[in-house]
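Here's what TrEMBL has on this protein:
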DOMAIN    283-449  domain 'Helicase ATP-binding'
BINDING   CYS511, CYS514, CYS551, CYS554  Zn(2+) 1 binding site
BINDING   CYS520, CYS523, CYS538, CYS541  Zn(2+) 2 binding site
DOMAIN    546-712  domain 'Helicase C-terminal'
Amino acid sequence: MSATRVDVLPHLKTARFDRALSYRLPDGMRVQTGDIVRVPLGPRTVFAYVVGEPKPAADDASLREIAERVDGPRAFDADGLALARWIADAYLCSLREALGAVVLAAAIPRTVDRFVPRGDPPEIARFKHVPERLVRLLWNDFRDGVGPDVLLRHPEARRAGDRATLLRALDALVRAGVLDRRRTVAQARVGTATVRILRTGAAPIRGKKAEALVAHVAASGELRRSDALLAGFSDAVIRRVVLAGALVEEQRDIRRERHARVALPPYQPTDEQREAIARLAGAIDARTFSQLLLHGVTGSGKTFVYLHAIARVLARGGRAIVLVPEIALTPQTAARFEAAFGDRVAVLHSALSDRERFDAWQAAARGEIDVVVGARSAVFAPLGDVRLIVVDEAHESSYRQDSTPRYDAVAVARERMRRANGVVVLGSATPALEDYARAKAGRFPLVRLVHRATAQPLPAVRVVDMGAEFGSGNRRVFSTALAEAIADRIARSEKTVLFINRRGSARFVLCRACGEVPECPRCSTSLTVHRSENLLRCHWCDFQRAIPEVCASCGAGPVREFGAGTQRVADEVERLFPDAVVVRMDSDTTTRVGDHARLLERFADEGDVLVGTQMVAKGLDFPQVTLVGAVAADLDLHVADFRAAERTFALLTQVCGRSGRARAGEAIVQTYAPEHPAIVYASKHDYDGFAAVELRERRALHWPPFTKLAMLGAIGRSRRAVETAIARWAAPLRGVDGFEVLGPAPYPVARVNDEWRYRIAVRTKALERLRAAIRADVLPLADAVEGVRLTVTIE
Ligand SMILES: Nc1ncnc2c1ncn2[C@@H]1O[C@H](COP(=O)(O)OP(=O)(O)OP(=O)(O)O)[C@@H](O)[C@H]1O
Ligand SMILES: [Zn+2]
């Protein structure tokens, strides 16, 4: 007798259970990789992913049968599974955790309970612990049944008792046979890809926001609801206007024409762009794996090069993925791809609901989409025949996920194209030094755009020594030079961008009498001042309290504020230039979807000065900006991280690059470290110069790219337990030939949210051997420790 065997991975909460199990496929059932099934496991039935195609096998009486195949689209395809396996291997996590990155939450079915009353309400006296309110609620309001979520949140139920009481009562009713508990599988539905469209309606509407929304929709004929959100209109406003009938909302299937026209921007490529486009075309046509580093200065028109490369892939019948650091931050970039590829592109931005995202995902799997643009996770988009992955701003740290699975989307892109014989393009004005060093060493081609695409040169940069400024009596946020330059721009109706990589108004307060600095009770860090809310806030856990009038420790007063943040800078501009329109953009002013776009639009329309954190450093392309000021350029230069200088250089280069894109502009960099290479070379737009100095230093100090690096972290509530654990986990790696263990040491912020954090770094030239050692000797130790988590980060 022969049977058909299927390997499945049970979908259990305990990540430690990570073995694929074999089951027998019942006659007549068909499954494929990525399908979701239910299988018996011990006494239970659980969900499981199919992780391999069915294969014939000798009959084995011990094989249990798959109970059912859950209807719905597969959660992943063979490519997705292969990438997950690669991630599990490369980043030392379980396959189940790796699949967590590949599979959309909406694809995972759940069982849901439904409580359905039977017949008439029971005699309440029969039950000791069943509140009468609950019985009344069930039998009056929920005759057709209710899920526990809805029921437990119902105000009437909450009045009847707390969660535990209610659950116990429900149990009692079920046991007595008066209430049915029906368990059903809530599965992911196959949806046609739909969008919600807004059109203008007949009814009039009043109100500034509502009128603006109607005008916005009218201007474009019709508008996707998600685009309206992205444009800064709130959900509430949209709903109100639709309800009033001033707009009509309808759901529409996206019928995609696979061969819809491609509309590239009308301008001619520059000579450099033409050369770059030809290099990419050659790589694409070769149909073998390759990667290219596109190093183009700010404003050199990298996007235009990407568009041409994608058009070529589409013309040859292939597909492409574009990764961007964060869609909300780059509305301009996403819009350029939509303008070029129309319905053939799906932009997976944060304004989509889970449902819409899932629909787009499925449309991609059905072959109805040719280009996916999105953040990190778009690298897993289930598109067939992907021949090109573009990574825009490839040096950005947001491509690395900092929760499990701790993967690097750039590395995943590389692996995906290696498997598919495709091309990876890493675009940046400030390439990651690792990539640059490898390209320089001839490992892959380096394509350069050294001029801006428009006629303007890169802006002249002035470095202002704030130490000298302070010495000569100016203790203000702005140097004389910067204050004068801002005044000059305001007078000429040109625009200024001011960058400071801290939010809030002051970095901390200090008591002049006793030197006390208020700290977060849950984290080992000082509290940041937010004057406009009159609060001290922790930027790690969001703890907050009022700003003290007098020192809490010695009672003297008043306390003094030190250091500046975005809010302080904006206040200072308003103080100096009361008539200027100041727009502040940081994570405090952009808590909702669409806030970015709204603030940027305001700045473009009527703003004089845009003040912001690193959010304003990237991608912005505003012709009227002719001055950029980096208010405190060295703020992050001295943090304990070997990439600190590289990051500062990159941020300064990017932010200065916002200036003078359409007419002559300049940048002013304020710093206490005017001699530091990161600042000197950024002010000269000299990437190669910086890279040479920094790489020499990295080589001398044995940092990447000259070694490989793994970080092991221990996190838990008890400091003693964390210290003991990290020492124990470091032990098997210490003294091993070829591994250099640094630490253990506390993280720069040693305690966050009441948890202590210690780490070691391991440097090696033999990463594969280090992975094997961690897997064999450290992970099992970590499994045995309660109350301390291990995190593994492979650089
Ligand atoms: N060949 C061209 N002719 C005219 N304008 C162009 C050309 N190529 C690009 N541009 C324009 O130049 C500007 C800068 O292009 P883009 O934003 O793509 O630059 P970038 O290299 O991505 O810059 P950054 O790194 O600063 O984001 C855009 O406004 C774009 O429309
Ligand atoms: Zn805190």
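Positions of Cβ are set from backbone N, Cα and C atoms, glycine also.
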8 Å Cβ shell about CYS520, CYS523, CYS538, CYS541 centroid, Zn(2+) 2 site members excluded: PRO521, ARG522, THR525, LEU527, HIS539, TRP540, ASP542, PHE543, VAL752, ASN753
Neighbour-count leader, CB within 10 A, binding-site residues: CYS523, CYS554: CYS523
Binding-site residues (CYS511, CYS514, CYS520, CYS541), the one with most neighbouring Cβ atoms at 10 Å: CYS520
Spatial separation of CYS514 (Zn(2+) 1 binding site) from CYS541 (Zn(2+) 2 binding site) - C-alpha basis, Å: 27
Pairwise Cα distance for CYS551 (Zn(2+) 1 binding site)/CYS523 (Zn(2+) 2 binding site) [Å, integer]: 20
Extra residues within 8 Å (Cβ to Cβ centroid of CYS511, CYS514, CYS551, CYS554), Zn(2+) 1: ARG512, ALA513, GLY515, GLU516, VAL550, ALA552, SER553, GLY555, ALA556, VAL559
Inter-residue Cα distance where the pair is CYS511 (Zn(2+) 1 binding site) and CYS538 (Zn(2+) 2 binding site), in Å: 18
For CYS551 (Zn(2+) 1 binding site), the number of other Cβ atoms found within 10 Å of its own Cβ: 21
Binding-site residues whose CB lies under 6 angstroms from ligand 2, from CYS511, CYS514, CYS520, CYS541, CYS551: CYS520, CYS541
Spatial neighbour of CYS520 (Zn(2+) 2 binding site) that is closest, considering only the binding-site residues CYS511, CYS514, CYS554 and their CA atoms: CYS511
All-chain count of other Cβ atoms within 10 Å of CYS538 (Zn(2+) 2 binding site): 20
CYS520 (Zn(2+) 2 binding site): secondary structure state under DSSP, collapsed to three categories: coil
Spatial separation of CYS523 (Zn(2+) 2 binding site) from CYS511 (Zn(2+) 1 binding site) - C-alpha basis, Å: 20
